[in-house]
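Participant: Okay, so TrEMBL annotates it like this:
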- 1-20: region 'Disordered' (REGION)
- 69-502: domain 'Major facilitator superfamily (MFS) profile' (DOMAIN)
- 103-123: transmembrane segment (TRANSMEM)
- 135-153: transmembrane segment (TRANSMEM)
- 193-214: transmembrane segment (TRANSMEM)
- 220-241: transmembrane segment (TRANSMEM)
- 305-324: transmembrane segment (TRANSMEM)
- 391-407: transmembrane segment (TRANSMEM)
- 413-436: transmembrane segment (TRANSMEM)
- 480-499: transmembrane segment (TRANSMEM)
Amino acid sequence: MVLKRTKGYQDIDDNNGSLPSNVTPDLNSINNVMPQEIEMASVSVVPDDTFTVTQAVNALGFGWFQVKLSLWTGLCWMADSMEMTILSILSPALHCDWQISRYQQALTTTVVFLGMMLSSTFWGNLSDRYGRKHALTLCAILLFYYGLLSSIAPSFMWILLLRGLVGFAIGCTPQSVTLYAEFLPTKQRAKCVVLLDCFWALGACFEVTLALVVMPTLGWHWLLALSTGPLLAFAAICPWLPESARYHVASGQTEKALETLEKIAKDNGKPMLLGRLVVDDSMMTPPHRGRFRDLLVPSLRTTSLLLWFIWMACAFCYYGLVLMTTELFETSAILCSDKPVLVQTLDTCAADCKVLQTTDYMDLLWTTLAEFPGIFITIATIERFGRKKTMAVQFIAYAVCCCFLVVCSQKRVFLTVMLFFARGIIAGVFQAAYVYTPEVYPTSLRAVGVGACSAMARLGAMITPYVAQVLLKSSITFSTTIYAVAAILAAIGCLLLPIETKGQELHDSVQQQANARAANK
């Protein structure tokens, strides 16, 4: 006889599924129904015959299911990276083709981040209300469509409009990290989320390599068109994406959550847990999921405000370094020259068309490769020293690297090495933030919490072109000092965060999280 599980939802406070004290079970009738010998080795049993999604995910471990999910969400991350890397290549190309000004170049970048900022909380709310899978599917379709249309834009205004819409769609890609983190066992979560950044680095390297091949012959139109390839692939596999079991439980769809958990058990070759699926503190869960204002409840207010500043500073520093990589080589060569340079010479050079050469693409590729050692350093430190200290130390190291960028050297390799270290460090900070943020918010607010942080990051990214592409032409010292100060302030913000999530489970409700925090004090 097969031992069957009882499916359904039951509050963990509701007697834990136990019988009333005045009712005595008939052991004889139970023995008549069940055989005397049961192969208990074939199942995992929770002592009280109940289990949560967290217990199930931890018991089923990391296996083939998570490997497939890593590849699928990694493809989304790779497509996002390619669209971001295009920004440092598209602006100089438009400057030459359409004679746009330096401020218009910065606007080309800013409009993408504006779309991302305006849409991040929208996508987060959509993910918490209707599921991560549906939001990512819609995002992939829109991103591919507008990315392809922008490749045939006939004028600068059309480019601004279509790239803004591309930015609006990109605002959903952080939700792939939310989906991914909710399927990871506690012990592997930080390491796997940081390793996901390998796909970001691969996307950036692939985009630079593609530009090196395409730009000299076919131009930026074909570069934009060919860069949508990973988006098409991700849109094609979206029907096979699993929906978050945590989302299903939080939204009362326990049957679907059980089906997903059974799929994990099958793919990982592990026995499914017996008993009833429960959710902790269900009565405390807000009736409306995904509300932005719930991020500012007393227990989360300080965390949310500090995280918004940290994410804004992180994006400001990261994208600033990406944009000013090629700009630094040109400007440093002028300002650090032994020959006297008139002020108007610099202005003239800023207005002249300068097509990116092979050396520029190679330098951009080298600095992009720095993200790989940054990933592995973050993995080595984040579980040992915790999320907060890791981010703080990395911000300080980035500020030190920025100070060396003002040193005039006739050797181009010195500047490349400094940019290499700075790029690896700030990439590690970004991934540590992506680990910490989904862990610190409960399931009912996790997607909108990540979305709100992503929106603030885009605000920082909107500002950075005017420092990296405009101010840098006038003063390398002033512009790099701004990045160093922003990193130091962000490091202080990291240390002030009230919650350290190292080794903690993902929580399903605000009340459960508050109880866990009080217990750890």
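Positions of Cβ are set from backbone N, Cα and C atoms, glycine also.
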Participant: Would the transmembrane segment (305-324) count as touching the transmembrane segment (135-153), if touching means at least three Cβ pairs under 8 Å and pairs must be 6 or more apart in sequence?
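Facilitator: These two segments do not touch.
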Participant: Quick test of the contact rule: Cβ under 8 Å, at least six residues beyond the ends. What residues does that give for the transmembrane segment (413-436)?
Facilitator: 174, 177, 181, 189-190, 193-194, 196-197, 200-201, 307, 310-311, 314-315, 317-318, 321-322, 325, 328-329, 332, 363, 366-375, 377-378, 382, 387-388, 390-391, 394-395, 397-398, 401-402, 404-405, 407, 453, 497, 501
Participant: Go through the chain and flag residues at least 6 beyond the ends of the transmembrane segment (193-214) whose CB is under 8 A from any CB in it; none is fine as an answer.
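Facilitator: Hits for the transmembrane segment (193-214): 70, 73-75, 77-82, 84-86, 89, 177, 180-181, 184, 222-223, 226-227, 230, 356, 358, 361-362, 364-365, 368-369, 371-372, 375, 378-379, 382, 427-428, 430-432, 434-435, 438.
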Participant: Let me spell it out: take the transmembrane segment (103-123), skip the flanking residues so only those 6+ beyond its ends count, and list any with a Cβ under 8 Å from a Cβ in it.
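Facilitator: Same-chain contacts beyond the ends: 83, 87, 90-92, 94-95, 135, 139, 156, 159-160, 163-172, 174-175, 292, 319, 323, 447-448, 451-452, 454-456, 458-459, 461-462, 465-466, 469-470.
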Participant: Could you pull out which residues elsewhere in the chain have a CB under 8 Å from any CB of the transmembrane segment (480-499), counting only those six or more residues past its ends?
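Facilitator: Tertiary neighbours of the transmembrane segment (480-499) are 302-303, 306-307, 309-310, 313-314, 316-317, 320-321, 388-389, 391-393, 395-396, 398-400, 402-403, 405-406, 436, 440, 467, 471, 517.
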Participant: Given pairs 6 or more apart, does the transmembrane segment (220-241) have at least three Cβ pairs under 8 Å with the transmembrane segment (391-407)?
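Facilitator: They are not in contact.
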